[in-house]
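What follows is one structure encoded as structure tokens, with my remarks underneath.
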């Protein structure tokens, strides 16, 4: 029975690696040096498993055959199609959800403010990843090879794929940090009522976020190359991280810790710090006539702060399993341990689950906003189900100030638009 579960978790994790096959997958990130492609002894794989020397998935650094893990692996077509359905679902939900979120913010002038601009920036980063990277994942899973592997366009995709993946994560992380800082600024200046429009400082922040995210993803574009190999008598090429310089060797060696520290811990620490400061600010100013006069205004800002906090929590839940499996692999796994196969199967299964959860993060933010905030829920319903509203009176929305959208007739909206410019919208 133990052998059965060992085999099951092992091939499940291998499919997970093929699904993502990005900078986060074990097929390109388990070891220090990437210079070979191997297949597992006694297996019947419909795809190529890329491994590394001296530390590949099952073969120790001495390369002896008797040190292979004993499990046999076989991938069923049904399992591949199940994962294809999951990827397609994420693609559809992510594309529709993030595109709708961008449309809502773009079409409503009253929503063009600092916090909404950061949320739109986050959604755009997720949308780019969903539209470009996920189709490549599905193709690799079904075809069992890298797309356009024999021509220059395949090389371009090999550079673009990990670059966009890492850029998307960087955009998400830095936007969450910026939103936490923005919420603290909003509470610290609670007597100031923010108007409509994107502040210059927020525009600079967004541009800086994208530039920095692209810069930090450059090592991925440099390190990933098309590596030729022979499999079952046929010549193939696959996209792998191949460290050919001292800098890339250093990057590959510290990559797991760098990803864990910057792309996971930093937004959590930033949120913890600024939300603690925000709480202290609210407690220190809990009394006062001005606060009483602006109690509704402060309530609106607290609701927005809760929404941002929810996005950070979802990010942590989606990415924690993947980072945990990488850190455990780095610190606990010993390739020379005779009992390593049981631990390896557990880590691979955790990695597979983590990869899918991390991918889900690119489509789950619009869903979270739909359920957490009534204002977003009403906006999504209005935008996605506009045909259902055509028989009703022409309706438009006022700024998203409270926990729900207040709908006004077209004539009333003209009167309220000018007043709304002095309120703090969602935000």
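For all residues, glycine too, the Cβ spot is worked out from N, Cα and C.
Feature annotations, courtesy of Swiss-Prot:
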- 1-20: signal peptide (SIGNAL)
- 21-80: topological domain 'Extracellular' (TOPO_DOM)
- 29: N-linked glycosylation site (CARBOHYD)
- 62: N-linked glycosylation site (CARBOHYD)
- 81-102: transmembrane segment (TRANSMEM)
- 103-112: topological domain 'Cytoplasmic' (TOPO_DOM)
- 113-132: transmembrane segment (TRANSMEM)
- 133-159: topological domain 'Extracellular' (TOPO_DOM)
- 158-239: disulfide bond (DISULFID)
- 160-181: transmembrane segment (TRANSMEM)
- 182-205: topological domain 'Cytoplasmic' (TOPO_DOM)
- 206-229: transmembrane segment (TRANSMEM)
- 230-256: topological domain 'Extracellular' (TOPO_DOM)
- 257-278: transmembrane segment (TRANSMEM)
- 279-306: topological domain 'Cytoplasmic' (TOPO_DOM)
- 307-328: transmembrane segment (TRANSMEM)
- 329-347: topological domain 'Extracellular' (TOPO_DOM)
- 348-372: transmembrane segment (TRANSMEM)
- 373-427: topological domain 'Cytoplasmic' (TOPO_DOM)
- 425: phosphoserine (MOD_RES)
Between the transmembrane segment (206-229) and the transmembrane segment (113-132), are there three or more CB pairs that fall under 8 A, provided the residues in each pair are separated by 6 or more in sequence?
yes
Interface check, the transmembrane segment (81-102) with the transmembrane segment (348-372), three or more C-beta pairs under 8 A
yes
Sequence gap of 6 or more, Cβ distance under 8 Å, 3 or more pairs: do the transmembrane segment (257-278) and the transmembrane segment (160-181) meet that?
yes
Would you list the DSSP helix, strand and coil counts for the residues of the topological domain 'Extracellular' (329-347)?
11 helix, 0 strand, 8 coil
Mean pLDDT across the topological domain 'Extracellular' (133-159), rounded to an integer, is what?
85
Which number gives the other C-beta atoms within 10 angstroms of the C-beta of residue 158 (disulfide bond), all protein chains shown included?
24
